[in-house]
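Below: one structure, written as structure tokens.
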Amino acid sequence: MTQMSQDEIITNTKTVLQGLEALRVEHVSIMNGIAEVQKDNEKSDMLRKNIENIELGLSEAQVMMALTSHLQNIEAEKHKLKTQVRRLHQENAWLRDELANTQQKFQASEQLVAQLEEEKKHLEFMASVKKYDENQEQDDACDKSRTDPVVELFPDEENEDRHNMSPTPPSQFANQTSGYEIPARLRTLHNLVIQYASQGRYEVAVPLCKQALEDLERTSGHDHPDVATMLNILALVYRDQNKYKEAANLLNDALSIRGKTLGENHPAVAATLNNLAVLYGKRGKYKDAEPLCKRALEIREKVLGKDHPDVAKQLNNLALLCQNQGKYDEVEKYYQRALDIYESKLGPDDPNVAKTKNNLAGCYLKQGRYTEAEILYKQVLTRAHEREFGAIDSKNKPIWQVAEEREEHKFDNRENTPYGEYGGWHKAAKVDSPTVTTTLKNLGALYRRQGMFEAAETLEDCAMRSKKEAYDLAKQTKLSQLLTSNEKRRSKAIKEDLDFSEEKNAKP
């Protein structure tokens, strides 16, 4: 017997219902007819039983119909639940992904928090170092150029003119140049203008320069070396006021005058070219500054020779310009050549050697060549240590070696020994202490990049001590000079009073 579908069952059941209903009606009609004609009781009982059976069949058919409807409802509910289960599976998978992403973000946040805490410590250290820088600037305006990396790396003509105007004997550089000599009145005026400018009194310095310039042009004409010198001085004052356009115009005018009057290959022309390159560098015009710097280099090589220290200074300037343009191959070549000149002519202990190594290491850092940069930084610090304490051995270690040992033993039970017990090694940086302090900070930053936070903090702490000691020493020196000056004035006044009394007593 084949299995019938639900629809067939329902259809057949309905047909049976109709047939049974018709049969019941017929039996009722017969029973009524029998009752009316008073048939015998057996037939009536039989019909009654048949009616009961038919009614039972009707009831069962109705139950079957209700059961079928219930089964249909159950099937629909089952389908609905399957859909919900499928959706819940999808939501569960999405929640798992979200949980994994959240955990990754949480871990990254924890790492970022740790990194920010280290950066906060580093910034606090830098702020403490800056405090000493600012104090030193307020005490000595001449030292402000150290805080300006462009001025630091560009020894411009302001410094050169000061040397030329100094009453000391002329240098080898000056001996190789003939002809023009800066008059005494301009030397005095230059010193006076620099003094006013260093005090920020530009309202006095600028009119003073302009008046002197007018007087020179009236007496000597525009195309005169003295006029060019005065234009240079005024340009430097404008540069300090950030009036770069006016300063550039003055320097170009001075360059033209010096080229006409002194010759295109005169050192003064090289100095003006260098000043103009510095000015363009401050304005970010590195591409325009580079040919000027190269021309100044050619002049100095021709006049002084290729291995003169002033040539090395110009090479440093040129390297910085190329570095700001991303020409790292040329940067490395110029810095290396400058370093060779300094080491051969001035010796390995000259401050310019450490400064150039620091600059070259900075070039390596920008290229991601951290190992080479680290080597140079360590060379600078090792040399500074050897100058003060002698050769390196197991008991006489430079600061970077001590820092790395503290990093290695930071998880030991014993506490790290304070670096102060190793001695004030930073006293080794007597002339070039700013360079050594900068090297400490740079190597500390490199250690932080490598996750060596204990070593970084050791170097930063030492740099801060060096700054503080230099500041305290400067304060003591100034106080001593002030007391000495007051004592000299007091002694002079007493001597004058005694001389006056002797003259008075000597009169009849």
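If you go along the chain as it appears here, the first residue is 1 and each next one adds 1.
Every residue, even glycine, has its Cβ placed from backbone N, Cα and C.
Among the features that Swiss-Prot reports, coiled coil is placed at 34-129. Annotated region 'Disordered' per Swiss-Prot: 156-175, 484-508, in sequence order. Positions annotated as repeat 'TPR 1' by Swiss-Prot: 186-219. For 228-261, the entry in Swiss-Prot reads repeat 'TPR 2'. Look at Swiss-Prot and you will find 270-303 tagged as repeat 'TPR 3'. According to Swiss-Prot, the feature repeat 'TPR 4' maps to 312-345. Positions annotated as repeat 'TPR 5' by Swiss-Prot: 354-387. For 437-470, the entry in Swiss-Prot reads repeat 'TPR 6'. The annotation phosphoserine is assigned in Swiss-Prot to SER480, SER485. Swiss-Prot lists 493-508 with the feature compositional bias 'Basic and acidic residues'.
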| said: DSSP-wise, what's the residue breakdown of the repeat 'TPR 5' (354-387) into helix, strand and coil? | reply: 31 helix, 0 strand, 3 coil
| Which whole number is the mean pLDDT over the repeat 'TPR 5' (354-387)? | 91
| remark: Outside the repeat 'TPR 4' (312-345), at least 6 residues beyond either end, the same-chain residues with a Cβ under 8 Å of its Cβ set are 150, 153-155, 270, 274, 277-278, 281, 284, 286-287, 289-290, 293-294, 296-297, 300, 352-353, 356-357, 359-360, 362-363, 366-367
| said: Treating G and I as helix alongside H, and B as strand alongside E, what does DSSP give for the repeat 'TPR 3' (270-303) in helix, strand and coil? | reply: 31 helix, 0 strand, 3 coil
